[in-house]
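Straight from Swiss-Prot, here's the annotation block:
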BINDING   10, 11, 12, 13, 14, 15  FAD binding site
């Protein structure tokens, strides 16, 4: 098939992964990015691959779905995973990155690549005249697609968008935190300083914080959009509304932590994670929120150690838009009625940084196979990548976005003890992925 010239709309994680991978494969790539001409409500810098919700790419453990997915991407030579690994900051068993350094490195690599032409302007319409300029189009506009491109895409697919809201956690300066109260430490680690700064709370202090959280003023949504929260980025106040102890079994859980100032386990703990290598800025883990700025300024200061904290960025809410992929897309992740238009990233219904990278990489592999008139089977659904792709391909009564977890892969056919199940999932995934890598992917590379 004659595929040489490819346009990508959107310079986020998925779009950048597509651009770098396709350029490596030898395609001529035109990457459109609307910044700095136009910013979404959640983006702040003109850099490509900007991380807006958190600087964490989550666990590196192979006994987790996300850890497996990252390892599979590394073995597929993902450009963005390679950059992330070089920009990592201490985060225990997780992979967190210096977000500015990460985005700068991605931007520099794309701007200097001879096979990539970066155009800094909004693509407002998927018109016939635009489509005719390229052999293939990849829409990787992310969950914050501009109204213009959203309306154009909606016209093409003839179906309404679904909406849910993502919340961003506040960031504070490290030197404004009271270290006579807070302490460094990671759960269950006895030695070393630890990768998280912990603010311990007594029962009484937690009650005051919890009560204020429930009463805090929230930002209201557009009246015409239904509010649907993604479970993995649930606003802290929405979690609190589920019950007094919900936070204690979630982001504020104290298990595995001992306060060195008292020698006791706190009743609750708010953890802060470094935003950069020198740990000068930290984000409030699990505190993504739609509280108004004044409410945040008051309520988060109730946490012990944060009474005089300096906010670098308050938390905020933004719309997340995605399509009903199983209904709209082919197995090539292309529109059923416009097969020259492919979709990649969070707009397809994958949720999360690594998942967006994975989707972009997979679309690139699909286009390589198409250009060689070859078919490629996607990885087995027992693998992390295969399970994620199965989710956005398999019809369901109410399709919702998802990040990768073991609930997306087939359950064991034999009886496995609960404590051994994650290890079993990981071993099965590794075996099946290697088999696919050496028996399927090798034929198109």
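Along the chain as shown, the residues are counted starting at 1.
Just so it is clear, glycine is given a Cβ too, placed from its N, Cα and C backbone atoms.
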For FAD, what surrounds 10, 11, 12, 13, 14, 15 with a Cβ no more than 8 Å from their Cβ centroid?
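Sorted by sequence, the hits are 8, 16, 17, 18, 48, 49, 140, 141, 142, 344, 345, 356, 360.
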Near residue 14 (FAD binding site), how many other Cβ atoms are within 10 Å of its Cβ?
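By my count, 35.
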So, three-state DSSP: helix, strand or coil for residue 15 (FAD binding site)?
helix
When you measure from the Cβ of residue 15 (FAD binding site), how many other Cβ atoms are you left with inside 10 Å?
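Taking every protein chain into account, the count is 28.
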Taking the Cβ of residue 13 (FAD binding site) as reference, which residues of that chain separated by at least 6 in sequence fall under 8 Å from it?
49, 51, 80, 142, 345, 353, 356, 357, 360
If one looks at the chain holding residue 10 (FAD binding site), which residues at least 6 apart in sequence have a CB under 8 angstroms from its CB?
32, 33, 139, 140, 141, 142, 145, 345
Quick one: what's DSSP say for residue 10 (FAD binding site), helix, strand or coil?
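The residue in question, residue 10 (FAD binding site), is coil (DSSP, three-state).
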Using a 10 Å radius around its CB, how many other CB atoms surround residue 12 (FAD binding site)?
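There are 29 of them.
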